[in-house]
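Chemist: Pasting the relevant annotations from TrEMBL:
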type	residues	note
ACT_SITE	H75	active site, tele-phosphohistidine intermediate
ACT_SITE	E178	active site, proton donor/acceptor
BINDING	74-81, 87-88, R124, 178-181, K189, 205-206, 249-250	substrate binding site
SITE	H248	site 'Transition state stabilizer'
Amino acid sequence: MATTTSHHLVGTIQTSEINKMSAFHNRPGRISKSGLIHASTSQSSLVDPFQLQSTKIDNDSRKKSNEVALILIRHGESLWNEKNLFTGCVDVPLTEKGVEEAIEAGRRISNIPVDMIYTSALIRAQMTAMLAMTQHRRKKVPIVMHDESERAKAWSQIYSAETKKQSIPVIAAWQLNERMYGELQGLNKKETADRFGQEQVHEWRRSYDIPPPNGESLEMCAERAVAYFKEQIEPQLLNGKNVMISAHGNSLRSIIMYLDRLTSQEVISLELSTGIPMLYIFKEGKFIRRGSPVGPSEAGVYAYTRSLALYRQKLDETLP
């Protein structure tokens with residue numbers, strides 16, 4: 001698979017989620033912090049990831065944080081990607097090819113520790129995360145966390161400490177959804193270009209701050225995605241958690257813009273292939289891009305850092 005592909009989108013956002021998105025863009029505040037996974041003195045992925053508590057981020061905790069992995073994966077090909085339709089926040093599942101891409105992505109990260117998974121609220125990103133984790137050598141089970149109501153929380157409780165240790169929490173957040181393409185959603189891309197002109201459609205798709213009719217610009221998408229990353233995901237990295245994010249072309253471009261400190265001009269030319277994981281190392285408050293793991297048999301991938309090499313060695317020694 002090439003490192004460059006056009007990014008496509010999927011998923012029907014429910015009306016309540018669209019209202020949340022609108023409310024977010026129209027208020028000065030940011031997303032409030034929710035529970036964070038309890039910090040462990042160990043950097044190992046074998047710790048129980050379900051102990052939740054609130055944690056304050058400060059300069060001292062940033063300095064004390066261990067080296068951890070951050071994996072970004074753009075979802076596999078969706079049914080509307082295949083049909084060349086603008087998808088945005090319409091909730092469309094993966095194609096057979098998309099399923100294969102997700103499984104291959106899992107093989108590529110099968111020796112990298114994962115303690116937590118974040119996905120968008122859209123099924124294609126969630127399918128990609130779940131399928132990828134079927135290939136991980138630790139064989140932990142990804143479990144979607146339900147906190148939409150007290151009943152949902154109560155009914156999804158796990159009462160076995162051992163089962164919890166063998167599970168990975170999956171948190172779905174609408175803030176990681178694909179850019180909302182407004183009145184372009186469901187339209188054929190070629191037919192839309194014929195109707196409005198190549199230049200106009202290119203401006204809607206590739207400019208940083210010009211949205212399509214009644215949709216989001218990349219700038220608006222970045223506002224919500226980066227705010228969520230900084231307030232919800234980065235604290236987990238500071239607490240020593242290895243994190244995987246399964247999301248979309250534009251929400252991931254937004255996060256990479258933050259991680260790599262790209263300008264608005266640089267980010268609009270950034271392309272992400274479907275189903276190709278990108279690895280970052282987070283150490284001493286800094287994000288270091290390590291590229292895409294080539295495959296599970298490539299020893300060089302896991303020699304990027306001593307910690308990753310030791311993790312793989314531990315897997316080799318303890319697992320068949």
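Cβ atoms here come from the backbone N, Cα and C positions, even for glycine.
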Chemist: So for R179 (substrate binding site), how many other CB atoms are inside 10 Å of its CB?
Modeler: 29
Chemist: Measuring CA to CA, name the entry from the recorded positions K189, H248, G249 that ends up nearest H75 (active site, tele-phosphohistidine intermediate).
Modeler: H248
Chemist: Sequence order is fine: just name those binding-site residues in R74, W80, R179 with a Cα within 10 angstroms of H248 (site 'Transition state stabilizer').
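Modeler: The binding-site residues close to H248 (site 'Transition state stabilizer') (Cα within 10 Å), listed in sequence order, are R74, R179.
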Chemist: In the structure shown, with every protein chain counted, which of the binding-site residues G88, G249 has the densest set of Cβ atoms within 10 angstroms of its Cβ?
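Modeler: Per the Cβ count within 10 Å, the most buried is G88.
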Chemist: Using a 10 Å cut-off on CB atoms, tell me which of the recorded positions E77, E178 is the least crowded.
Modeler: E77
Chemist: Counting only residues 6+ away in sequence within the same chain, which have a CB under 8 Å from the CB of K189 (substrate binding site)?
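Modeler: When sequence neighbours closer than 6 are ignored, K189 (substrate binding site) has N84, L85, F86, V201 within Cβ distance under 8 Å.
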Chemist: Within 10 Å of E178 (active site, proton donor/acceptor) (Cα-Cα), which of the binding-site residues E77, W80, G88, G249?
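Modeler: The binding-site residues close to E178 (active site, proton donor/acceptor) (Cα within 10 Å), listed in sequence order, are G88, G249.
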